[in-house]
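Here's the structure we're looking at; comments come further down.
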Amino acid sequence: MALLNLFFCLVFSSPLMAMPPVLQGRKSMSPDSILKDTSTDDGARDFQGRKFPQFMMQLYQNIIRGRDKDLSNLEHPTLQESDTVQSFITKSYTTVGNHWTLFFDMSSISRSNELKLAELRFSLPSFRKSHSVTVDIYHTNDGKEKLFMGSFKTKPSAALDADCKVFNLTILLQNFLTRGKRLIKDEYIQAKGLHLKDLEKSATEKGTENVDTLKQDQYHVSDFAAERIMLVVFAKEQSHAKSDPPSLGKKLFPSKYGIDDNANKVNGFRRLRRNKKEKTQIHVSTGPPKPIEEIKPKCKKVDMFVDFQKIGWGSWIVYPKAYNAYRCESTCAVPLNETENATNHSYIKSLLPLSDMERKECPSCVPVKMMSMSMLYYENEDFILRHHEEMIVEECGFKDM
């Protein structure tokens, strides 16, 4: 996959066009201010004592700004279909000559999601200068078990002169997650002098050996900037998995916002009660006719600001720290008028006299159109950028109770 690697490492354009730039607002809450306030000496970003890759913050910035012009014809439609971006920082890595072995904990990858794209991102100078490299990928859980997932060979020094090398591991990861098979593949550049059968034989040996017994120089993640070796996974929640609550729903207890009962009580039509004298009297008005009072919609959208820090979720939500979710509010007038967003049934019911109904109900003023929002947060020791549906009220209208 042809990429402008330097561009992707420094200014990643918006891949998820379904994510609208809905976070408006305060200068103190801008993504730029977060990057500035949380910078550390090694280039990583600090959040609640945890380091997270600058790439994820830059990706989030570009998503909410709607930048997508520089995406290639291949990445644009693929990334547009994703609703989750998950980053995995390497737990450790080993090198023996030009043979690199990387260890990731990918326990949090859900098999119920459809994998769209998996990128391995390198920004180590020693890797960029290598002429011919074989890279092995392992899954490890707390360092106790090491499971070989696949391998690829490449020639970093022959690629574009970029500070960050990006490799497409989509097939490798898909093959392992869906079939449990290891994959040895040339993703980008053929390395001269290496044969596929030799790699397959080596991979078979790797699947059964204990990597710790090899005489290798092992470096841990604490010895270098967190984002220098990272696996980024783009995924889409499948339709059959929609019945399960999303990750945000599993973490949060949804708040219920009710409408004031006093505002919803209906007294019915005002009926003019005239006595016998009033029926026989004729009133003549000499003044100008009174203008008909404009009937305004009774169901409207009002502000509802959510501060994640105040409700106890600030410890794991990186951005946004706060946003306007809006809510619907009404005074429930009958009969309904044509300016109010209601069903035909609501219109008819509002016109019936009180005597014809056992109970006069007020149509509920509820959201009829919702907007999505992108969120960057910490989950299962990984940083995730996820697109959550129905987070912001866009339009309100009447519906039957």
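Glycine is no exception: its Cβ is also placed from the backbone N, Cα and C atoms.
Quick caveat, the model's predicted, so the values are computed rather than measured.
What Swiss-Prot says about this one:
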type	residues	note
SIGNAL	1-18	signal peptide
CARBOHYD	Asn168	N-linked glycosylation site
DISULFID	Cys299-Cys365	disulfide bond
DISULFID	Cys328-Cys396	disulfide bond
CARBOHYD	Asn337	N-linked glycosylation site
CARBOHYD	Asn341	N-linked glycosylation site
CARBOHYD	Asn344	N-linked glycosylation site
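A count of other CB atoms within 10 A of each Cβ picks out Cys365 as the most crowded of the disulfide-bonded residues Cys365, Cys396. Remark: of the disulfide-bonded residues Cys299, Cys328, the most isolated position is Cys328 (fewest other Cβ atoms within 10 Å of its Cβ). Cα proximity to Cys396 (disulfide bond) (within 10 Å) is found for the following recorded positions from Asn168, Cys299, Cys365: Cys299, Cys365. For Asn168 (N-linked glycosylation site), the nearest of the disulfide-bonded residues by C-alpha distance turns out to be Cys328; the candidates were Cys299, Cys328, Cys365. Counting in whole angstrom, Cys328 (disulfide bond) lies 7 from Cys299 (disulfide bond) by their C-alpha atoms. Other Cβ atoms within 10 Å of the Cβ of Asn168 (N-linked glycosylation site) number 19 in total over all chains.
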